[in-house]
Every structure is written in structure tokens, then in C-alpha cells.
Amino acid sequence: MVLPSPTACYNYTVKNPNQVWKTGDIYGSELPILAFQLCWTIVVTRICILIARPLHIPRIIAEVCAGFVLSGDLLGDISILFELLFPMRGLLNIEILSSMGIIFYSFLTGLQMNLDNVLRAPKKALSIALTGAVIPMAMATVIYTLHRRTYDIQTNEIIEDNAVKAGLLWSLCLTVTGFPVLAEILASLKLLYTELGRSALDAAIVSDSFSWLLFMSLMPFALNDGVGSIYTAMSTIAFITFCVFVVRPIITPIIDARTDREEWNDHRLLLVLMGTILCAYITDILGSGIVGAFVFGLILPHGRFTTVMMSAADDFASGILAPVVFAGTGMKMDLKKALSHRNLAFSVIIILLLCIPKILSTLVATFAYGIPIRDGLGLGVLMNTKGVVALIMLNMGWDRQILTTSSYSILVSALVIMTVASSVITNIAYKPRKRFRMNKMKTIQNSRLDTELRILACVHNNRHASSLVKILECFHASRVSPLYIGALYLVELTSRGAFVLLDHMSQHVSQPGTQNHSQSQAEIEGITNTFQELANSNDAVRVETFNVLSSYSTIHEDIFNTANEKHASLILLPFHKQVNTEGCLEMLYSAYKDVNCKVLLEPPCSVGIFIDRGAFLQSKTNCRILMIFTGGPDDREALAVSWRMASRPEVQLSVVRMILIDEAAYQMNEAVDRLEAKGMLSTVLDSSKQKELDDEYVNLFRLKAMHDEDSITYTERKIHGGDDIPALLNELDQGDYHLYIVGQGRGRNSVILSNFMDWCDCPELGAIGDILAANSFGSKSSVLVVQQYGYDGTVPENAGHRHPNDVETNEDGDDTLVNHV
């Protein structure tokens with residue numbers, strides 16, 4: 001039998017025996033070595049994570065690779081360096097810390113696992129998870145048998161003493177799908193909210209639960225012999241039953257009461273963690289300490305308490321203990337032995353064969369539901385993602401010497417390859433590549449009045465939802481022109497991303513009125529109810545609510561993908577400031593501004609930013625709207641939005657167009673001459689074309705919208721110089737309007753307005769929008785700033801000679817919308 005290596009024996013002569021620590025000088029000998037090893041491991045792990053991040057490789061795989069970099073397999077050739085970094089007398093302490101890390105990681109996993117997601121999972125997810133357990137277990141037995149017999153022939157040595165136990169470990173490892181790791185991959189690739197991502201997550205939640213069930217029920221037979229395995233299994237079942245039916249009813253009311261009174265502090269949370277150690281100790285006597293920690297986390301109340309516990313413990317568990325645990329997995333690998341010259345080809349074949357069972361089982365399940373083979377393969381690749389449970393199984397098999405170093409190294413290598421492949425292949429085949437750039441322009445101006453208007457409303461909290469609902473009411477949904485609203489709840493993804501995702505996915509299965517919701521659960525329930533009230537009040541309004549969890553640095557990509565998937569014509573965003581008790585706008589969260597700016601850069605449709613000052617919300621019977629038109633594609637889009645709103649009987653619309661004359665016109669012509677002199681003819685022609693399009697669209701509005709409509713007025717105001725603009729805005733503000741609608745300002749080619757941009761506090765609002773939103777302006781009216789999608793400085797030929805809602809008939813008699821800038 002080949003024993004795992006390296007093997008270390010601990011035979012200390014204690015000069016100053018301590019009955020508590022059973023060793024000598026703790027602070028002068030043991031602690032410095034442990035601190036040095038811990039720091040060195042974390043530093044190397046962080047470097048590997050930074051390298052893996054651009055490649056979308058999950059954190060856990062980077063940590064395993066960091067351990068392999070630190071292993072004797074690589075550093076062993078430099079014996080002095082290896083002994084300096086990892087002296088033998090310090091390995092025992094790092095192993096103990098690693099065991100503690102596994103216990104706490106298992107506890108946090110159980111704490112975040114919501115069985116409602118499993119009990120109410122779709123049949124398709126249950127089928128994929130079930131076949132993903134049965135078929136891989138059967139195929140793993142065949143693969144292990146092939147590995148064992150061939151390896152014996154080639155090396156003339158026995159791999160494992162007990163083939164049944166080793167084969168069972170192989171089978172259990174292949175059934176696992178790591179939900180947290182899969183969620184991390186999908187979040188990194190921006191696929192969480194695609195059809196593929198949702199299907200993979202539903203199946204992964206069920207599969208992850210099955211993995212823990214198989215771990216608790218079958219691992220005792222893999223780790224123990226005969227009567228011992230039966231004793232471990234029966235005693236573990238008895239312990240779980242006792243925890244569920246005795247311990248849980250006792251501690252749940254106590255924890256809920258303290259949570260409601262917000263009485264949790266570090267000392268009380270420490271008592272809960274001590275309960276984890278106690279349960280792990282009990283089940284360790286029975287056979288496996290990991291089961292006790294997992295079950296204890298599972299029986300604790302979910303909701304707000306989970307958020308409190310995760311906030312206190314996750315940083316330590318994920319930032320310090322996890323690198324030690326998973327780096328230890330990589331350090332135990334010995335690829336030199338597993339991939340020696342005589343076994344190289346065979347070992348590679350075995351590793352490739354291990355990647356097949358999960359994909360094949362998923363294909364079988366998806367084929368029964370009529371899913372295309374390409375999507376079935378993609379789902380199978382994602383379900384092949386491995387996580388914590390598989391690594392825990394392998395570590396336990398290695399520690400109990402059930403697996404030799406060669407088998408252990410082959411299995412870990414296969415798990416790493418499966419997980420990396422799921423990320424790389426999915427990135428190549430499915431990651432959105434901004435396909436919306438090839439789509440026709442999606443704007444309000446180009447939308448037909450007799451088709452459904454699709455708007456994506458993005459909110460960060462329920463207050464934003466209440467604000468956007470009021471402006472959405474003004475779009476006047478009817479049976480002829482229905483309204484679709486995709487409500488997007490934007491949540492910042494933290495380090496515990498998969499756990500937060502589980503919390504949000506449980507919103508859809510929570511019973512109405514359930515107490516002890518987490519903050520995010522309560523928020524999404526309020527947002528859903530707010531938008532649903534709008535749908536209930538008007539049959540022509542259809543609402544869907546989505547959760548989007550992502551880093552704020554990349555959440556705009558999720559917004560783009562959702563808008564593209566839902567074929568939205570307008571994205572509505574809340575302003576990053578809100579009104580205080582004194583009626584002034586104050587900063588809410590600076591990250592919201594960054595999100596808005598990134599959305600404005602390359603959106604798949606038009607964008608609107610809503611500055612809510614409250615006055616607009618107080619008007620339930622009528623709404624006075626002022627649209628300020630200065631020219632350019634954004635202003636035409638803003639006029640189109642106003643035109644839509646004007647169809648509502650309660651809306652009174654006033655349109656004021658600024659006409660540049662005298663000095664303002666001279667500055668404009670002078671700027672055009674300078675551009676022409678520099679050879680920028682295209683910019684000059686574009687400026688002239690924009691003026692023609694402005695005139696044509698305004699005339700069309702006056703002809704069609706103002707016909708027999710007393711609720712719509714149109715006036716033109718002359719602008720002589722830059723000082724006239726603030727004066728005009730102050731004069732117009734005396735009209736007691738509820739809402740201003742203005743364009744963001746691209747394509748205006750106005751020197752006067754460009755000069756105002758140098759003084760803008762919020763450039764994303766444009767010159768006019770920034771003035772109206774400034775506290776110094778003193779207005780009490782809300783503001784909607786609109787940016788049109790598709791303007792790139794060019795205009796299609798004859799684009800300005802049709803009404804945006806006109807329809808032409810082709811040779812086949814089908815109606816075709818004519819799109820233009």
C-alpha cells in the first residue's frame with residue numbers, strides 16, 4: 001500500500017507541560033510559526049485570486065491552485081525554501097486551523113440553505129438533480145474499476161486496500177454540483193438572469209441539497225467498517241432528529257426575540273458559534289464533525305438573523321479560514337506521482353472520463369423536456385461545477401487513508417478542470433457580447449402608438465419604486481397601447497455573493513406576511529407590492545419584478561442584458577440624491593451616480609433619469625408638465641416622451657422651445673465655421689441635419705399633438721446670450737409645474753450650453769437638467785432627463801421625412817416600422 005505523503009510524526013519532549021495546551025511555549029514557539037504560515041498562505045492565495053479574476057475562474061479554484069503552488073510537489077525541490085515556509089512542527093497547527101475552517105464553513109452553508117427552495121423547485125430542476133446523482137454514481141464505479149485495474153497492471157502495486165470505500169468516494173464526488181461556485185461563475189459572466197442561468201441555479205440548489213444528503217447518509221459507510229458504519233449512520237440520524245424536533249423549537253423563539261429587539265452583539269453571536277463547536281464535537285465522536293456543524297446551521301432561524309450572523313462571521317471564514325482550507329487541498333496533491341511517465345496517458349484519460357458523467361446525465365434529463373442539445377450541453381457543463389462538498393469528501397478520504405495520494409491528486413485535478421471548464425466554455429458560448437448593438441434602435445420616438453411600450457424601471461429601494469410608479473402612470477397605458485414594466489431591484493453583491501443570492505431567490509417562495517424577513521426580503525416584497533398595485537389598477541399594465549445582484553462596478557451590464565432580453569424601449573433610473581425634510585436634494589449613495597453614468601454610456605435603448613422632489617408625487621388628479629426643447633436627438637426623445645404622457649387626460653403639457661438669435665446664433669455659426677475650417681465637414685453636416693430634424697419633428701408635434709387639444713400648449717422663447725437661459729428657466733419655474741422633461745443634451749452642437757457643462761455638478765444630467773436639479777435653482781418640481789439611444793453623429797438618408805410612428809406597407813402587405821435617429 002502506498003501511503004499519502006508527506007507523512008509527519010509529532011513526538012515532542014515537553015519541558016514545561018501545560019495541562020490546557022499540552023505543549024511548551026505557545027507564544028514564543030507555536031504562535032509565530034502559525035502566524036507566518038497563515039500570512040504566507042493568504043498572500044499567495046490573494047495573488048492567485050487576482051490572476052484568476054479576469055479569466056472568470058472561481059475563487060475556490062484559485063485557492064486550491066495557490067495551495068498547489070505552495071506544495072511540496074513544486075517547492076519540494078527547493079528543500080531549504082520549503083522547510084523555511086512550512087516547517088514540520090508547524091504543520092499540525094495549520095491542519096487544526098484547517099479543520100476549524102471546514103467546520104465553520106459547513107455551519108455557514110447550513111445557515112444559508114433554505115429548504116423551501118428545494119421543496120418548491122420546478123420539476124425540471126428536480127429531474128436534472130436526480131439524474132445528476134444516479135447516472136454519475138453508476139459511471140463513477142465503472143471509471144474507478146478501470147482506473148484500479150489498469151493502474152495495477154502498469155505499476156504492479158495496489159492503489160487502495162478497500163476498493164468499495166474508494167469507489168464510493170469517487171461516486172459521491174461526481175454527483176456534487178457546487179451551488180455557491182456556480183453562482184459565482186454566472187455572476188461573473190453576467191448570466192445570472194438569463195434563461196440558462198436561472199435553469200442552472202434552480203437545478204444547482206436541488207443538487208447541492210442532494211449532495212449534503214448523500215454526504216450525511218453514505219459517507220459513514222465510506223469512512224468506517226462494518227458495524228462501525230451502521231453505528232455512525234444510525235447515531236447521526238438520531239442526532240439530526242434530536243436537533244430538528246427538540247433543539248430547534250427551543251432556540252428558535254429565543255433567537256427570533258433577540259433579532260426583533262436587535263439585541264445581537266459580538267458576545268452573543270460568539271455563544272452561537274460555540275454551539276457550532278459543541279455540535280461538531282458530538283458528531284465527531286459519532287463519526288463526522290462536519291455533519292454537526294452543518295445541521296446546527298440548518299436548524300437556526302433564517303431571515304434577519306442569518307444576515308446578522310453572516311455579517312459577523314463571513315469575513316473571517318472566507319478571508320482567513322477558507323484560504324487555509326482550500327490551499328491545504330492543493331498542498332496535498334502530488335501530480336508527479338499521479339502523472340508519472342508510465343501513467344501519464346492513462347491518468348489523462350481517467351481525468352477526461354471523470355468530466356463526462358454529469359454532462360451526460362444532464363443531457364438525458366433535458367432531452368426528456370425537449371430542450372435543444374446545445375442548451376442541454378451548456379446546462380450540463382454548468383452542472384459539472386464542483387464546490388466545497390466535493391473537496392470536503394476528498395480531504396476526509398485522504399485523512400483516513402482511504403485514497404492514496406495518486407487517486408487523490410487525479411480526483412482533485414479532475415474537479416479543478418471541470419470547474420474551470422464550466423467557466424471558460426460558458427464564457428465562450430453564452431456570455432452576452434453586447435448583441436444589442438446590432439439591433440434596431442429602441443426609442444420612444446420610434447415606438448408605434450398601437451404596440452406595447454416596454455420600460456425597464458431600475459430601483460435600489462422601495463422609495464425609488466414609489467417614485468417611478470407615479471411617472472409610469474403618466475404613460476397612459478390602454479388596450480390599444482399597453483405598457484410592460486420590468487421592475488429591476490438592484491442589489492450590491494458582497495463577498496458572500498452566493499449566500500445573498502440564496503436569500504433573494506427565497507423571496508419567490510416566501511409566504512405573504514412571513515415574519516422575520518431579512519432586510520432584502522422585506523425590501524423586495526415592498527417593491528413587488530408597489531409595482532403590482534399599478535398593474536392591479538390598470539388591466540393594460542403588465543409587471544414583472546426581478547432581482548439583480550452584482551458588483552456596482554459591473555451591474556450596468558446586467559441592466560443592459562435584461563433590457564435587451566425584454567426588448568425595452570426605455571430604461572428608467574432613480575437619481576442618486578433624494579429630498580430631505582427641508583426640501584433640498586442631498587446625497588443618498590455616491591455609487592448610485594456611478595451606476596447611472598455607466599448606464600448612459602452604451603445602453604441598448606433610451607435612458608431616463610428621474611429626479612424626485614415630491615411635488616410630482618402629490619398630484620393624483622392632474623399633472624402639469626413642462627418640456628424644454630433646445631434641439632438634438634435627446635430633446636426629440638424627451639418630446640416623444642412628453643407626447644406619450646400628453647395622451648393622458650389628467651396631464652397638461654407645455655412645450656417651450658429655445659430659439660438662438662443674435663449673440664447666441666453668432667457663437668453657434670462661428671463654432672460651425674471653425675469646425676469646417678478644420679476639415680470636420682461631417683460634424684458640420686450633422687449639425688445642419690440635426691436642425692432640420694428638430695424643425696420637422698417639432699412641426700409634426702404641433703400639427704398632430706396639438707390638434708384640438710386644449711391641454712397642450714407650445715411657445716417659442718428667444719435666447720440672445722448665455723445669461724438668458726437661467727433667467728428663462730427662473731421665469732418658467734413660476735408656472736408651478738409638477739414635472740420638467742428635458743433632453744440630456746448630446747448632439748445639440750450649442751456653444752452656449754456647452755459652456756454651462758464646465759460648471760455642472762452632475763454632468764450626466766446635461767446642462768439644462770443640472771440647472772433644474774440644483775438646490776440653488778430653488779425649484780420644487782421633479783425632473784426627468786432623457787437620453788435617446790442610437791445617436792452616433794450620423795443620420796440615415798431621408799430619415800427626417802416620416803413621423804416616428806408612421807407605418808409603411810411592404811410588398812407582402814406586412815406593416816413595417818420606419819426607424820430613424
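Positions of Cβ are set from backbone N, Cα and C atoms, glycine also.
Keep in mind that TrEMBL annotations are predicted by a computer and have not been checked by a curator.
TrEMBL has this to say about the protein:
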{"type": "DOMAIN", "residues": "43-425", "note": "domain 'Cation/H+ exchanger transmembrane'"}
{"type": "DOMAIN", "residues": "485-614", "note": "domain 'Cation/H(+) antiporter central'"}
{"type": "DOMAIN", "residues": "627-790", "note": "domain 'Cation/H(+) antiporter C-terminal'"}
{"type": "REGION", "residues": "795-821", "note": "region 'Disordered'"}
{"type": "TRANSMEM", "residues": "31-52", "note": "transmembrane segment"}
{"type": "TRANSMEM", "residues": "92-113", "note": "transmembrane segment"}
{"type": "TRANSMEM", "residues": "125-147", "note": "transmembrane segment"}
{"type": "TRANSMEM", "residues": "167-189", "note": "transmembrane segment"}
{"type": "TRANSMEM", "residues": "229-248", "note": "transmembrane segment"}
{"type": "TRANSMEM", "residues": "269-296", "note": "transmembrane segment"}
{"type": "TRANSMEM", "residues": "316-333", "note": "transmembrane segment"}
{"type": "TRANSMEM", "residues": "345-371", "note": "transmembrane segment"}
{"type": "TRANSMEM", "residues": "377-398", "note": "transmembrane segment"}
{"type": "TRANSMEM", "residues": "410-430", "note": "transmembrane segment"}
Which of 31-52, 269-296, 345-371 contacts the transmembrane segment (229-248) most, counting Cβ pairs under 8 Å: 269-296
In contact by Cβ distance (the transmembrane segment (345-371), the transmembrane segment (125-147); 3 or more pairs under 8 Å): yes
Per Cβ pairs under 8 Å, the stretch of 31-52, 92-113, 316-333 packing most closely against the transmembrane segment (269-296): 92-113
Listed stretch, out of 31-52, 92-113, 167-189, 345-371, 410-430, that has the most CB pairs under 8 angstroms to the transmembrane segment (316-333): 92-113
Stretch among 31-52, 167-189, 410-430 sharing the most Cβ pairs under 8 Å with the transmembrane segment (92-113): 31-52
Same-chain residue ranges lying at least 6 outside the transmembrane segment (410-430) that approach it to Cβ under 8 Å: 55-58, 60-61, 64-65, 147, 170, 173, 178, 181-182, 185, 188-189, 191, 194, 196, 329-330, 332-333, 335, 338, 347, 350-351, 354-355, 358, 378, 381-382, 384-387, 390-391, 394, 403
Integer mean pLDDT for the domain 'Cation/H(+) antiporter C-terminal' (627-790): 79
